[in-house]
Amino acid sequence: MSNKPKIAVIGAGKWGQALHFALSFKQETYITSRTPRDIKNFTDLNTALNCEYLIIAIPAQQIKQWLKENFVFKNQKVLVASKGIEANTGEFLNEIYAEHVPEKNIGFISGPSFAAEVIQGLPCALVLNSTSKKLYQEFKPFFPDFIKTYYSADVIGAEVAGAYKNVLAIASGICEGLHLGKNAQASLISRGLVEMQRFGKNFGAKKSSFIGLSGAGDLFLTASSNMSRNYRVGLGLAQNKSLEEILEELGEVAEGVKTSEAIYKLSKEYNIYTPIANEVKLVLDGKNPKDSLKDLLNS
Ligand SMILES: NC(=O)c1ccc[n+]([C@@H]2O[C@H](COP(=O)([O-])OP(=O)(O)OC[C@H]3O[C@@H](n4cnc5c(N)ncnc54)[C@H](O)[C@@H]3O)[C@@H](O)[C@H]2O)c1
Ligand SMILES: O=P(O)(O)OC[C@H](O)CO
């Protein structure tokens, strides 16, 4: 029998470490990162790339460059764990990965999943999205009993939902920080859900993805808890902190910041009505959140 390691997580941030913890219940799982970490089965990138199965958990804005500089395709099956849209180009992650990995070899993880809970072994449900059901069937047995997995072929729906909810979580954090009340927050979240669905439809996403775990599930989680980094960005903005200060305090990625730029760009290009995401982008650029509130109420 070959001793070749079968599965590796690339990226040892919060989510990479949580996925590594979870997958290690069922089989030996490697993990790698730019800087060595004191984690069981930590390995170098080359060893990781030689695994048959990979989970890539590096921030969305770094993926394009990272793939160009580091990735070597050796017929691995890949699950992408990142949630975001590339801000410079407006590309979805599946478009970026398509230059390096064939469609049948790639899937995307979505659904409500704070790393801090997964790493405690608390129950959760995830969607593995791929045009290949075979790929889902191959990855499914790697997940531990406390994670229920679902299959969906709607890759773009999952991607839009996972990326968009981060922007809406910033808006919801602002709402909380400005003490606008639970009525306002519920309205914001539900109109946000309509907005992300409208945006996704333009790119071929299915409605069902937005009312399930990938859309409503992840949005309700992230936009209602200060466990979310994006939500905490919103809280900071409402307290008139500068973005630099907020991100420095956070010390982790808040994908909604850059994704709001991507949505702003794409919504202009395709003429999609995205009022909440647009206001988030403008507040991140310095607009007073109270002026954004007035504009949203009157639009
Ligand atoms: N934390 C969560 O609860 C959670 C859950 C689901 C999805 N995600 C998504 O997973 C992705 C990663 O989030 P995270 O929580 O692990 O973030 P994090 O800030 O905790 O860690 C990011 C990791 O990426 C690495 N990294 C940064 N730039 C890199 C580069 N150029 N090349 C290689 N590695 C690089 C960093 O060293 C760090 O280890 C994000 O897209 C996030 O939206 C996070
Ligand atoms: O902490 P956030 O805002 O990056 O959210 C983490 C996950 O995406 C929740 O599913």
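The backbone N, Cα and C atoms fix where each Cβ goes, and this holds for glycine too.
Remember, predicted model here, so these are calculated numbers, not experimental data.
According to TrEMBL, the protein carries these features:
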ACT_SITE  Lys165  active site, proton acceptor
BINDING   Trp15, Arg34, Lys83, Ala115, Arg229, Val253, Glu255  NADPH binding site
BINDING   Lys83, Gly111, Ser113, Lys165, Asp218, Ser228, Arg229, Asn230  sn-glycerol 3-phosphate binding site
BINDING   Lys83, Arg229, Asn230  substrate binding site
BINDING   Ala115, Arg229  NAD(+) binding site
DOMAIN    34-134  domain 'Glycerol-3-phosphate dehydrogenase NAD-dependent N-terminal'
DOMAIN    154-289  domain 'Glycerol-3-phosphate dehydrogenase NAD-dependent C-terminal'
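Cβ packing within 10 Å was compared across the binding-site residues Asp218, Glu255, and the lowest neighbour count falls to Glu255.
Summary: among the recorded positions (Arg34, Lys165), the fewest other C-beta atoms within 10 A of the C-beta are counted at Arg34. Proximity of the binding-site residues (Asp218, Ser228, Asn230, Val253) to ligand 1: a Cβ under 6 Å from the molecule is found for Val253. For Asn230 (sn-glycerol 3-phosphate binding site), other Cβ atoms within 10 Å of its Cβ number 27. For the pair Ala115 (NADPH binding site) and Asn230 (sn-glycerol 3-phosphate binding site), the C-alpha distance works out to 14 angstrom. Close to the recorded substrate site, the chain also has Asn166, Ala169, Thr222, Ser228, Val253, Ala254, Glu255, Gly256: residues not among Lys83, Arg229, Asn230 whose Cβ is within 8 Å of the site's Cβ mean position. Checking the binding-site residues Gly111, Arg229, Asn230 against ligand 2 with a 6 Å cutoff on the Cβ atom leaves Arg229, Asn230, in sequence order. Straight-line distance linking the Cα atoms of Arg229 (NADPH binding site) and Asp218 (sn-glycerol 3-phosphate binding site), rounded to a whole number, equals 13 Å.
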